[in-house]
């Protein structure tokens with residue numbers, strides 16, 4: 001098709017947007033057989049799902065989990081396409097992993113499994129093709145093994161994965177990136193409503209990497225953390241929880257349960273505690289029609305992936321609750337992964353202050369872009385964010401001549 005004007009281009013983009021969300025991902029399955037420490041052989045199924053690369057190399061985590069749901073992973077690969085587009089970083093979406101229980105495998109068995117998996121997919125991934133990162137059950141060490149094995153085939157290639165150890169080209173600030181992104185996203189939303197983080201009451205559901213960093217950084221900005229939960233239990237202190245003391249307790253006792261600086265409460269009630277800002281930072285689907293009417297927060301920041309189901313979304317919207325969607329709110333991690341990739345390609349590493357300043361720039365600009373889309377289409381933040389993401393992918397696809 002010959003595009004004679006910007007209007008023609010916009011019409012083609014709109015037409016393609018209607019079809020783009022139904023584009024299937026490509027799924028690659030491989031069998032990974034390794035010798036275990038006891039001499040027996042064990043076989044596992046590894047996979048990589050690649051969704052879209054119109055805007056750049058595909059990007060997404062590798063998870064090790066015994067119950068891998070292909071449909072969920074496919075959805076997460078698509079989510080990465082839209083998330084990277086909303087963040088306006090030059091990536092598409094992918095996801096993958098191995099169906100295994102990492103807790104049942106020794107370190108040497110995990111290393112062998114990771115290396116065999118990399119051998120099977122080294123032609124699928126690549127610096128300018130598909131860049132994996134850590135996910136559930138994996139971490140910097142896993143990325144180090146992938147980097148080393150991939151480099152045996154393609155030469156030293158630090159940019160082939162992100163989330164690496166600092167000593168192998170990992171970026172400073174990556175560990176805190178998603179939580180810090182949540183901080184910047186929350187600041188942008190509250191500022192839009194004439195408020196600041198200081199003095200606001202926060203409830204954080206989930207105290208893993210994202211939740212704990214968000215709590216720490218929000219506390220440093222003057223926010224009052226009044227309730228926190230994790231897999232071990234939940235605590236509440238209406239006067240504000242001492243986050244540094246809680247972090248020390250969690251490190252020593254592997255959970256928030258038993259913390260002396262707060263009262264123990266039912267974990268199921270954490271989402272309906274009285275607060276100004278609720279931050280679900282754990283599992284998906286935790287806010288649903290059963291509890292949506294009881295939520296007292298005025299703002300919800302989705303630090304977890306899809307924590308709010310569609311029925312709850314509608315209920316909360318009618319109540320006037322403002323929801324900052326996951327596709328934008330938790331994009332700090334992939335944004336700093338992009339910074340790591342850039343540093344590796346340049347061969348020039350940034351200091352942590354630069355990483356954090358650049359992250360704030362991207363998160364602040366991202367919120368403005370989402371709000372502009374909301375004003376254009378008279379829609380809420382979730383619809384605005386998805387419209388922005390799909391529009392950017394559709395535009396890149398049309399400009400590359402792929403729409404036919």
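Cβ coordinates come from backbone N, Cα and C, glycine included.
Bear in mind that TrEMBL entries carry predicted annotations, made automatically and left uncurated.
What TrEMBL records for 95 is active site, proton donor. Annotation source TrEMBL lists substrate binding site at 59, 83, 337. Feature annotation from TrEMBL assigns NAD(+) binding site to 178, 209. Positions annotated as site 'Important for catalysis' by TrEMBL: 135.
The substrate site in the record is lined by 59, 83, 337, and its two most distant CA atoms lie 13 Å apart. Taking the C-alpha atom of residue 337 (substrate binding site) as reference, the shortest distance to any of the recorded positions 95, 178, 209 belongs to 178. In the structure shown, the C-beta of 337 has more C-beta neighbours within 10 angstroms than that of any other entry among the binding-site residues 178, 209, 337.
Across the structure, residue 135 (site 'Important for catalysis') and the residue listed as 'active site, proton donor' are spaced 9 Å apart at their Cα atoms. Those same-chain residues not listed among 59, 83, 337 yet with C-beta within 8 angstroms of the centroid of the substrate site C-beta atoms are 60, 80, 84, 87, 89, 91, 93, 133, 331, 333, 334, 335, 338. In the structure as shown, the Cβ atom of residue 59 (substrate binding site) sits within 10 Å of 27 other Cβ atoms. Cβ contacts within 10 Å of residue 135 (site 'Important for catalysis'), excluding its own Cβ and spanning all protein chains shown: 20.
A gap of 7 Å separates the Cα atoms of residue 59 (substrate binding site) and residue 95 (active site, proton donor). Residue 95 (active site, proton donor) is 20 Å away from residue 209 (NAD(+) binding site) when you measure Cα to Cα. Residue 83 (substrate binding site) and residue 178 (NAD(+) binding site) are 13 Å apart (CA-CA, integer value). Non-local neighbourhood of residue 95 (active site, proton donor): 48, 49, 51, 60, 61, 63, 73, 74, 76, 77, 80, 135, each in the same chain, at least six residues away, with C-beta under 8 Å from its C-beta.
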